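Novice: Feature table excerpt (TrEMBL):
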DOMAIN    154-298  domain 'Palmitoyltransferase DHHC'
TRANSMEM  7-25  transmembrane segment
TRANSMEM  80-98  transmembrane segment
TRANSMEM  110-127  transmembrane segment
TRANSMEM  201-223  transmembrane segment
TRANSMEM  261-287  transmembrane segment
Amino acid sequence: MMGTLQNVAIVVLVISFFTFVAFFGRLPALRNTPIGTIHRIIWLHIPRGLRVVDQRLTQGRLSASISKLAHTLWHDRHPVVMIFFILLLSVSEILFLPPAWAMLSTTRKVNAVFILTLPYLFLYAAAASDPGYITPENHSHQMALYPYDFTIFHPGQTCRTCHLLKPARSKHCSICKRCVAKMDHHCIFINGCVGYGNHHYFLLLLLTTAFLTTYATYIGFAILSDQVRIQVPSWTAWGSGFTWSQYANIWAWTLQEHTRIGAVTLLCLLTSPLVWGLLGYHVYLIWAGTTTNESMKWSDWQAEMTEGFAFKRELPSDRQKDQSIELAWTRWPVESEQIVVRTEDGLPPRGQGLIGVGEWQRVWKLADVENLYDLGFWDNFWDVFWPRYGFHHRAANGNQETRSCPTSPAGAGVG
Ligand SMILES: [Zn+2]
Ligand SMILES: [Zn+2]
């Protein structure tokens, strides 16, 4: 019995490790680290080797059907990862709770029930609510959410699939096959997009999951420490007064005696930084007034600017708006005062019928252009959590300064 559980624990650890590598291995920041190397081995070298073997054995029939399956899994909506996530949660709870329950105080029991329930609740809320799908019926409402910033979102772009004008900050999701308002990213854990309508639920899912893994780590170590103390009365929480080998032996013995609690505690210890990291990244995006999708557009601009291909000039506040591509009014409290464009030849734009007044200035870095969607951390936060009610208090103050762009976001496309 213990052997089986140990194997289950190892399988769970291995799967979570590979999940970590799959998600973080492709980040540019980790390219030259062991994580990046393992990522390349798993996703590049091993598949290549297997394809060569398959070519010899079945003339490549097996790899053809596998890549077809992989294509479906990668390009269509399916709940595989969501089911994996729910199983990871529930199997860990089934392993952990029965042996731990009798050792928990009443307060901890109440806390545990509360903390265990919340991730399921917000997973359901994030997955079941409309992320902000853009339809012909709600299109004019979606167009009024944000003004175009004439930098990463220009008016007049039509989605080739939905045949609708793309509202500012929206993106067509190739997996959901719909346009999504204030699209952040397509999240395989909730099997849907994170956008204007469910961004807050997604953040609450991350927050409550981070709390869950942290609390379980704490409770797990507390229980195991209590168990050690029954055998070794002089034991303290950090095992001070013991040599390293005694310390390691005592923990090895404890984990063997309490495999179920030990395995789940270790899993929670290892996954906590991952969940907190993702949460921190999304809080950073809110602080910077951007989304995962937009942070990739900003990175592209950064590259254009460094090359010297980006130019900006002023947009007058009383400019005439083309009502067929841009609404006269949006609920956002500020409007763009600049237009930023790139040119193919690195020379200032000439006679292309572009709007704006005055000379074109070359832009060398993101800090030199304004991010229209950054109103400061609290207002950005407010816009995520209470978007419908956010700006009533601003109507009176009129225009307000916007801050500069996010500087080269590190982890575009994670999560
Ligand atoms: Zn679309
Ligand atoms: Zn999607």
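Cβ from N, Cα, C; glycine included.
Where in this structure would I find these features, and how exposed are they?
Specialist: Under DSSP, residues within the domain 'Palmitoyltransferase DHHC' (154-298) fall into helix, strand and coil as 83 helix, 14 strand, 48 coil.
Taking Cβ pairs closer than 8 Å, the transmembrane segment (80-98) reaches residues 5, 8, 12, 15-16, 73, 112, 116, 119-120, 123, 127, 188-191, 212, 216, 220, 260-261, 263-265, 267-268 in its own chain, all 6 or more past its ends.
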Novice: Applying the under-8 angstroms CB criterion, which one of 7-25, 110-127, 261-287 scores highest with the transmembrane segment (201-223)?
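Specialist: Comparing 7-25, 110-127, 261-287: 261-287 has the most Cβ pairs near the transmembrane segment (201-223).
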